[in-house]
Each structure stands twice: as C-alpha cells, then as structure tokens.
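Annotated in Swiss-Prot:
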{"type": "ACT_SITE", "residues": "Asp14", "note": "active site, proton acceptor"}
{"type": "ACT_SITE", "residues": "His42", "note": "active site, proton donor"}
{"type": "BINDING", "residues": "13-19, 41-43, Arg306, 332-334, 415-417", "note": "GTP binding site"}
{"type": "BINDING", "residues": "Asp14, Gly41", "note": "Mg(2+) binding site"}
{"type": "BINDING", "residues": "Asp14, Glu15, Gly16, Lys17, Asn39, Ala40, Gly41, His42, Thr130, Arg144, Gln225, Thr240, Arg304", "note": "IMP binding site"}
{"type": "BINDING", "residues": "Ala300, Thr301, Thr302, Gly303, Arg304, Ser305, Arg306", "note": "substrate binding site"}
Amino acid sequence: MSNNVVVLGTQWGDEGKGKIVDLLTERAKYVVRYQGGHNAGHTLVIDGEKTVLHLIPSGILRENVVSIIANGVVLSPEALMKEMTQLEERGIPVRSRLLLSEACPLILPYHIALDNAREKARGEKAIGTTGRGIGPAYEDKVARRGLRVGDLFDKKAFAQKLKEIIEYHNFQLVNYYKVEPVDYQKTLDDIMAIADILTGMVVDVSDLLYKATQKGELVMFEGAQGTLLDIDHGTYPYVTSSNTTAGGVATGSGLGPRYVGYVLGIIKAYSTRVGAGPFPTELFDETGDFLREKGQEFGATTGRSRRTGWLDIIAIRRAVQINSLSGFCMTKLDVLDGLKEVKVCVGYRLPNGEVIETTPLAADDWEGIEPIYESMPGWNESTFGVKDKAQLPQAALNYIKRVEELTGVPVDIVSTGPDRSETIILRHPFDA
C-alpha cells in the first residue's frame, strides 16, 4: 500500500478540485492528470492572484513539483501552448516542470469541427459539450486511428497519417454535416511548428511513476470533471468521454491500483451542473439564484451559467461506492451562510410512488424522479475564511456531521474560501 493520493470530483464537476490539489501538492513530488482534456477548468487563488488551468496539472505553480499529463488525457497542442505561454509570461518555468506521455491522443482541428457540427445537429437534444473536440478525439483513440504525441517523432510518417485521417473526417463533415472541410496543410504546418517542443517533454510516464513510488516519492493524481459525468457510471449519455472515477487512475497513468493509498472526494456543500442531463435537486427559485450568484457558479472553461440545487446524498453515495472514497473535502461551505434552512436529498420518489435510495444508471430512468429532502437549520454567522473547525457555527458543524452520517465517509478537509490558506485540514490525506 502506498501513500499516493487521488483527488476527484464526486458530483457533476466544478467541485473545487484545483484549489485542493494545489494545496496538497506541498507534500507531493508529482502531480498527474490522468483523464479528460482542456474541457476541465481548475481555478486556483494564491495570495489573491487567480489562475485558471484547463490542461496543465494544478501542481505547476509549485517549484519542486513535477507535473505530468499522462496517457489517459487527450491533448490539444494549441491549448497546451496557449496555457504554457500564459504561465511563462508570469515567470513560471513550465517546460522544466511539465512532462508528457507519448501515448496521449492529440486533439486536432477536425475533432473540434466534428464536436461542434454534432452538437448543432442534435438541436434541443444537445449534450452540452464544451465544443473542444474531447469526445471525437477519444473516438479516434478507441477506433485505433488517432494520432498521438509519440507520432511526432517521425514527422514524415505523421504527415501521411494526418492526410489520411483528415480525408476520412472531411468526408463526414462535408457530406453529412454540410460544413467546411478542415485544411490539411494548415493543420500540418501548425502542429509541425511545435512538434519539437512537445516531443522534448516526453517521458515513459508509467516507468517514471513506478520508480518514484519505489523510492517513496509521493504522487497526487488530479481528476477532472466529476464522478456523475463518468462515461460508464455517469448519467449516460449526458456524460464526458473518459473515466472520471478512481478506476481511471491506473488505466490513465500506467501505475497500478495498489499504489493508491487514499482517494479524496471533493464534495461541494450544494450541487451544480453545467449543460443538459438529470439533476433531481435543481432549484428554479430564489434560493437557486442565491447559490448561483454567491457561489459565482459560472464555468471556468465555457463561462456558462451553472444549474444549482441542494446537496444530493443519493448521488454522493454512488460516488462513494464507485471510488472507494477515503474521505471528503467539503468546498464552498461559506456559500450556504445566511440561509435560514439547508436541505439534503436523502431519497428519490419514482413516478409510481416507489422510494429508492440509489441512482439510476441511464438518463432516461431519472425521468420524473422527485427528491425527498431532510431539512436542517441554517446559520447566519460567516464561515468565509475560517481556518479552525472550532470557529465554525454549530449549525454548520451539524451539517457537516450529517453528511458524514448519511454517507459513511469522514469530512477530512473543509474549504471556506478560494485561497489555499482558507482551508481547515482535519486529517491530511498523505498522513491517513
């Protein structure tokens, strides 16, 4: 058993993972992204300065931490270079801190074109993707036709492979979706201009991480999105295209599951969701507006307004089961300050009157579900910026305790603000 830690979302993403990863990397040697792509949006606030990362791991701001983009991530060269440039302009030496797996599938312009064309064609049934080509890139990976970072080592062979795959996708874009084709030469020129930069950061990630664990060096795995968006276990088809759950760590990084010792589930004190899909506890009243405005619930990646609602314990329990959670970090507790009453969903009532305490698997099976709530007194005192559990209002402590009782998982960390210092650590994941 290793002391390595996984940090992942337990809801529909946007739980506040970036801040917690940044906070905990003080103890880590490596921080690894193992799934997703630049559809993630991890916001960090350090000494009042805000940083939003979409692709590069949140550990990049730490001087002695090595950040790794592993094989489970679909990599947009354009997005990576943009993010690297922004960080380097702030004096952060990204190229000496960042490593890539040669097995990362590349996101190229035809993936983005397909993503947007499909969403437009779906009309009202659109999934609500970020339009960044994530799904189509994973499709090419599974179909074994995708280009990977490692293909850039042989530029002549890459050019031929690119020509063939662009012809394949352009046929669909032009003849089915009736949109403009992707330009082969421009795509080739753009990727060749940065090919040496990408290949210069390539390492054997699986071997590196294995040797690191043998030396006792600590690794943190940074999840993107959330458990309920998992391609297999989420509200299908309103899901992302990767395994956002703890099982994705081994396949997405090449390090075996025995080398994970603690799984930290990030749980927002209420629920949010971006885009379409089931959301039983969604609020359409002034309380929902209150949570959205006070919580600044607007996507870091898309800027879209997030749907808001009460904490859904039934959905959280599913995340506990799937991920073997060791503990929770509860974020945005301060957003609930000032509410006279707070609620948590403890059951679902089906249209036929039956009450269930587990989440359905397919999105259609959520149709007509009504949440069953348990109410608790709210609190007027501010929890914002509190750094000591003893200073939290009793009603807030009761809320935390009730979540622990209903899920069977301890709340080991409480986040009371966006800055890394605004945190109460009750049990450190690396010491658990």
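Backbone N, Cα and C define each Cβ position, glycine as well.
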Binding-site residues listed as Gly13, Gly16, Gly41, Gly303, least Cβ neighbours within 10 Å: Gly303
Long-range Cβ environment of Ser305 (substrate binding site), under 8 Å and at least 6 residues apart: Arg292, Glu297, Phe298, Gly299
For IMP: widest Cα to Cα gap among Asp14, Glu15, Gly16, Lys17, Asn39, Ala40, Gly41, His42, Thr130, Arg144, Gln225, Thr240, Arg304 in Å: 34
Chain-internal residues, separated by at least six, CB under 8 A from Gln225 (IMP binding site): Gly9, Trp12, Gly13, Gly36, Asn39, Ala40, Thr240, Ser242, Thr244
Residue with minimal Cβ packing [other Cβ atoms within 10 Å] among the binding-site residues Lys19, Arg304, Arg306: Arg304
Other CB atoms, at most 10 A from the CB of Asp14 (active site, proton acceptor): 28
Among Asn39, Thr43, Thr130, which are binding-site residues, the residue with the most C-beta atoms within 10 angstroms of its C-beta: Asn39
Number of Cβ atoms other than its own within 10 Å, given for Thr416 (GTP binding site): 24
Three-state secondary structure, Asn39 (IMP binding site) (per DSSP): coil
Neighbour count (Cβ, 10 Å) for Leu333 (GTP binding site): 24
